[in-house]
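What Swiss-Prot lists as zinc finger is 6-46, and the listing cites sequence analysis. What Swiss-Prot records for 90-396, 846-866 is region 'Disordered'. What Swiss-Prot lists as compositional bias 'Polar residues' is 104-124, 351-369. If you look up Swiss-Prot, you'll see 135-182, 192-202, 267-280 marked as compositional bias 'Basic and acidic residues'. According to Swiss-Prot, the domain 'Helicase ATP-binding' annotation covers 559-762. The annotation ATP binding site is assigned in Swiss-Prot to Asp572, Asp573, Met574, Gly575, Leu576, Gly577, Lys578, Thr579. The feature motif 'DEAH box' is assigned by Swiss-Prot to 713-716.
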Amino acid sequence: MDLVKCPEHGDACFLKTGVRDGPNKGKSFYVCRTNTCGFVQATDIPVSHCLLHEEFVVELQGLFLPQDKKEWRLFFRCARTKAEGKQWCGNVPWRQDPNPKELSVTSKPQQPSESQLHSPSQPRNPFRVLNKNQKTLERKQFVEEGERKTADKKLRENNEQLLDQRKEQKPKSNSRMEKDPSSDLVATRQSGGDREEQEKSKFQPKTKKAEGMASKQGHGEVLQGIPKGPHMSESESRGVPNKPETLREKETQLLVPSVPGQNPESKVQKEGHVSREPLKNGEAPSAQVTQRGLAQGPLQGPSKTWRPVPEAPAAPELCSGMAHHATSSSEDSEDDGVSSRPGSPLLFDSTVDSQKKGSLQHSDQSVQRQMPAASGVSKKGDSSDPAAQRANLTTQLKQKKGTLAAVNIQALPDKGEKLLKQIQALEDALSALALSPEQGTKEKCSAQEPEQSNITKAAAAPLHLVPPQPLPRPLIQPASSLGLKAGRQETPEGASQCSGGHMNQHHLYNVWKITSEAIDELHRSLKSCPGETAVAEDPAGLKVPLLLHQKQALAWLLWRESQKPQGGILADDMGLGKTLTMIALILTKKNQQKSKEKERSEPVTWLSKNDSSVFTSSGTLIVCPASLIHHWKNEVEKRVTSNRLRIYLYHGPNRSRHAKVLSTYDIVITTYSLLAKEIPTTKQEGEVPGANLSVEGTSAPLLQVVWARIILDEAHNVKNPRVQTSIAVCKLQAQARWAVTGTPIQNNLLDMYSLMKFLRCSPFDEFSLWKSQVDNGSMKGGERLSILTKSLLLRRTKDQLDSTGKPLVALPARRCQLHRLKLSEDERAVYDIFLARSRSALQSYLKRQEGRGSHHGRSPDNPFSRVAQEFGSSVSQGCPAADSQRPSTVHVLSQLLRLRQCCCHLSLLKSALDPTELESEGLVLSLEEQLSALTLSKVDVSEPSPTVSLNGTCFKAELFDDTRRSTKVSSLLAELEAIQKGPGSQKSVIVSQWTSMLQVVALHLKKNRLTYATIDGSVNPKQRMDLVEAFNHSQGPQVMLISLLAGGVGLNLTGGNHLFLLDMHWNPSLEDQACDRIYRVGQKKDVVIHRFVCEGTVEEKILQLQEKKKDLAKQVLSGSEGPVTKLTLADLKILFGI
C-alpha cells in the first residue's frame, strides 16, 4: 500500500479490496476517508490475508501517523471482522516511509526478518503471503512484536508509578523498604543518586510531554494493547520476562471513552494482575483500554511472574469508569496515541484531566486498601481517615448498584458475576470500616512507613471475595430487553456512556451475540416441533368435529405455548377456520387447567411489587375489529357446549370496569379502538412494553389482569408499530400471545416486526436490531427471517396439498369470470375529456419532478373545484385558497380516482368522497379541498340546467343522474336476472369500494324487485351480524351489498355463491379478502367471481398492475400475497399511458 492522498481533503486514503462476488472481487481501490467524498483510484495491489484470521481476506487498510511520531502504522481489517461489526483487526509498523519528502526521518526496519518482508522489490503490501512458510513467519513476527511492546509498556508504567510515589513522599536518596509482617514479599528500592537521576531524566520529560499532548487534544485518546515495536533500552529490558507470553485473542474488547470530570475511583480493579490484550477484530484506533493492576513492577520478587487475567466483557455502563485508567500511563499515550485531527475519521476523543492523572494512583490504591481483612489486604499504610474512606466506598457502591439496576446481567457473558463480587466486596469493606473506629489512629501511627509497601502487598495478595448474594427482583431488567436497551442507556446528563456512536463496537458485538443465541434457540426448538401429520384430539365440549388441518394446527398451537416466546402467528389463508381453531385451543387449555388445578401450587406468573397487575386470570382476551366482536361471541356459543366457557363482551358504555370481575371470565372480547382509547400510550425511549405501567395506566382494567393468553384477530390492524393501537396492545400482559391474520405482511417487513414486538420475541422486538439483523436486505437477514417464520408462524393456503397429495381443505370449485365491457358513446366522450386532463396533469407533474417545468405563478388544476364549477356550483369561487398551490401528487391521484368512477357510473362525479375512501386511495386533502369536494353534491336545483359543459363540450344533464343505467350497471342487472332464473337457490354478493356506487346499485335493485341488504361503515356490529345471519338463511335477502373496506374482513357470507367486483383496485389483496367472504370453509356450492373491466380504459391498466403486485408480494413471504398499497411514478405512467 502506498500513501495516496485525496486531492480534495488532503488526507491519506484507505485501500479497499473487493471481497464479495462481482466484477470488483479481488480488485483494490484507494478511497477517501470522508464518506461524502467521491475520490476513487484503482490500483493493482494483490489480495492479502489477515494476520489474525489467516483464512480471511483483508478488505480495508489504512495508514495513520500518530501524533508526535515519525513512524507510520498500517491498520488492517479482514472480512470476518467487518461481519462482526468491528473496526480493525490490528496494526503493524510501516517500516518504509511512504512519503520521504514530507517526513525528515525515515523509520528503519528493526529486524532483518521484517525488512525482508517489506523489501522494495515486493509490492507495498505487508500482508501478502506467497507461501505457507512465509505466512507462518509473518504471523509469528506479529505476535512476538506485540509481546515485546506489552512488556515494555508494563515496565514504563510501573517506573512511572514509582517516580510519582517518590515525589509525593519526598524520599531520601538512600532508603530501604522494611518487610511487612503481613506480607511474604520483600522489595528493595534501588539506591544511589546516579540511578535516581537516570530514572528522573528518563521518565519526567515523557510524563510532561504526554500530559501536554492530552491537554492539547482536548479529547485525546489512548491506544493500549496495540502491538508496536520501538527499540527497548537496557534499563527497560530488565523488566521483560524471560519467557515470552503467547498472544491471547479476546472474543471482544471494550471501546472505552474517558468521560470528563467523572470520579476516577469508579475504576474496576482486576485483583492486582496485569491484563495484556492485543488489538483484535477491529477495535479501531479508538480508545481501547485493557485493565492493569497498579503495583506490578520491578519491585516484586523474582519468583513472581507476569500472567494475564481472563477478563469478561463488561456492560456498557462500566466503560466510563474503566476509561480513566487509560490516563495512568503517559508513555502509552506518547507511543501509541493516534492523532485526533479532524481529518482522521474512526477516531473519537476523550478529555484527560491533569489533576485526575496525578491523583489516580492514590485513589486506585485506596480501593484495594479498603477491602476487609478477610481479603488479605493490610490497612497499615493507609493514611486517610475513616470518614473519607466511608464516603469513598459509599460513592463507589452507589455507582455499582446504579450500573446493576440499568444492566440486564443475564445478557452479560459472566452473568454479572464480576459486578456482584465488586458490590459484595464494597459492602464488606463498609461493614469492616464500621466495626473498627480506631483504625484511623493505627494508620496515623504507621504513617511514616513507605507507601510502596502497601501497594506491593495489595497487588501481590489476590482478593478473596464473598460469593454474590441474590438480588431483589425489581433491580433486574425485564428479560425482553436482553441487554439491548441497556446498551443505549444514557447518563442523567444525557451523554451517552459509550462513545463511538449510537451503535459502538461493544454494543454491536452484543447485538450479534444475542441475535445468534436467539436464532440458535429457535432453531433448537424446531426439533420438538410436531410434524405435518401430527394431530391433536378434539377437546371435550366442542360440538363440531375439527377438520384434519385444524387438528394439525391445534397440535402446533399447543406446542408453541410450551416454547419461548409462548405463542406465535396463525396465518392460515382466509376461510380456513382460524376462529374455530383458536376456540379449540382455548377449550383444550381450559380442560387441562381443570385437571391440574389441584396440583398447581405456584402462581401463573411472577408479579413485582411495583406492578399494578394484581389479578391473574386463566382466561383469554380476544382483541378484534368492532365488526367481529359479535361474530366471535356467536361462534363460541354455536361451537361449544353451553356453560363450558363464560364469555364477556368488553364493549359499549355499560361495560364493567372492575379488573377482578373480568379476570373470572374464560373469554373477554374487546376491540382495537377501545384499547387505544383506554390504555395510555405515552411511550418513553427505551421503555419495555408492559413493564412498570404509568400511574394513569392503572385505571385501565385490562392492564390490571395478567391473562393466560391474548389473541389478536385480524392482527394486521397493528402493522404500524408507532400508532396508538399497536402501542396499547403491546402493553397488555399475558403468558401467551397469538396473532391471527390471513395477511401477516401487507406492505413490507415492518408489518412482521410489529407482530414480533407484540409477541415479545426478544431480541427481535428491538427495532434497531430488527433493521440491522433481519430487515437489512442481506442473505443472512433472509435466513434469520426464515428461521423466525418457521418457528413462530403457521400458514396454509386453500390450494395447498397434504402429504397424500389431496387438497388440504375440500372446497367446491371456484372460477373467475371476466366481463369485458365497452362504454357507451356519451360515457366514452366524458371519459376521454377526464383522461386528457389527467394526462396533462401527470405530465406537468413529471416535468416539475424533473425540474424542467416549474411554473410558480400558475395555480395547479384542482379537479374538485373544476368539476364543481362545471356542474353549476359557484361556492368554490368564494374560496380562493382552494386554487392556491397544492401538492401535485394529490391532484394526480384524484384525477385517477375520477377516471375510475367514470367507468362505473357518471353520477359518481357529482358526489363527495367519503373520508375513509380517500384514505384507501392514499389521498390526504386539505380543508379547502374537502370543502370544495362537498360542493359537488350541492348543485343548484332551483334552476336546473338542461346541459353540463365539460372542458367546452356540452352534455345532457340526465347523463349524470343516478337513475340512469350505466354500461356496468346494465351488465350487472343482466347477470343477476340470469342467476335468478338458474337452477336452485343462488344468492349474490356485490362489492364496491365506493358507498355512493352501492347506493346507485341499490336504487336499481329496488326497481327490479330484488331484495337486498347493505353492510358498510355506518352499520353497527350487532346489526351487521344480524344481517349476515339473515343472508345465510335460505329465506334471507337475495343480494348483499358490501363496501370493500367495511365488509372485506371477518364476514362469513357462505349463503351466497356469486360475487361481483364492480370496480378495480390496485390493491389485489383487498379484492381477494372480499372473495374469501363466500369461498371459505362451510361453502357447499360452486363459487363464481365476476369482474367487470371496461375496455380501453384505466381499468385494463389496473388489471395489469394487479398481476405485477401479486408477483412481487409472493416473493416476500411464502404464501403471503401482501400488497404494496403505494403507487409509484412508473405505475402512474402505466395507468395514464404515458
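Backbone N, Cα and C define each Cβ position, glycine as well.
If you look at the motif 'DEAH box' (713-716), the same-chain residues 6 or more away from its ends with a CB under 8 A from one of its CBs are 569, 579, 622-625, 628, 632, 739-741, 743-744, 746, 751, 755, 758, 1049-1050. Apart from Asp572, Asp573, Met574, Gly575, Leu576, Gly577, Lys578, Thr579, the ATP site neighbourhood in this chain, defined by C-beta within 8 angstroms of the site C-beta centre, holds Gly742, Arg1080, Val1081.
For the binding-site residues listed here (Met574, Leu576), the lowest count of other CB atoms within 10 A around the CB belongs to Met574. Per-class residue totals from DSSP over the zinc finger (6-46), listed helix then strand then coil: 0 helix, 15 strand, 26 coil. Around Asp572 (ATP binding site), taking its Cβ as the centre, 24 other Cβ atoms fall within 10 Å, counting all chains. Long-range Cβ proximity for Thr579 (ATP binding site), meaning a same-chain Cβ under 8 A and a gap of 6 or more residues, is found for His631, Trp632, Glu635, Asp713, Val740.
Under a cutoff of 8 A between CB atoms, and with a sequence separation of 6+ in the same chain, the neighbours of Gly577 (ATP binding site) are Leu547, Gln550, Arg1080, Val1081. Residue counts of the motif 'DEAH box' (713-716) by helix, strand and coil are 2 helix, 1 strand, 1 coil (DSSP-based). Residues within less than 8 Å, Cβ to Cβ, of Lys578 (ATP binding site) and separated from it by at least 6 positions along the same chain comprise Leu570, Asp572, Val740, Gly742. Around the Cβ of Gly575 (ATP binding site), the same chain contributes Lys798, Asp1076, Tyr1079, Arg1080, Val1081, each under 8 angstroms and 6 or more positions distant in sequence. According to DSSP, Met574 (ATP binding site) is assigned to coil rather than to any helix or strand.
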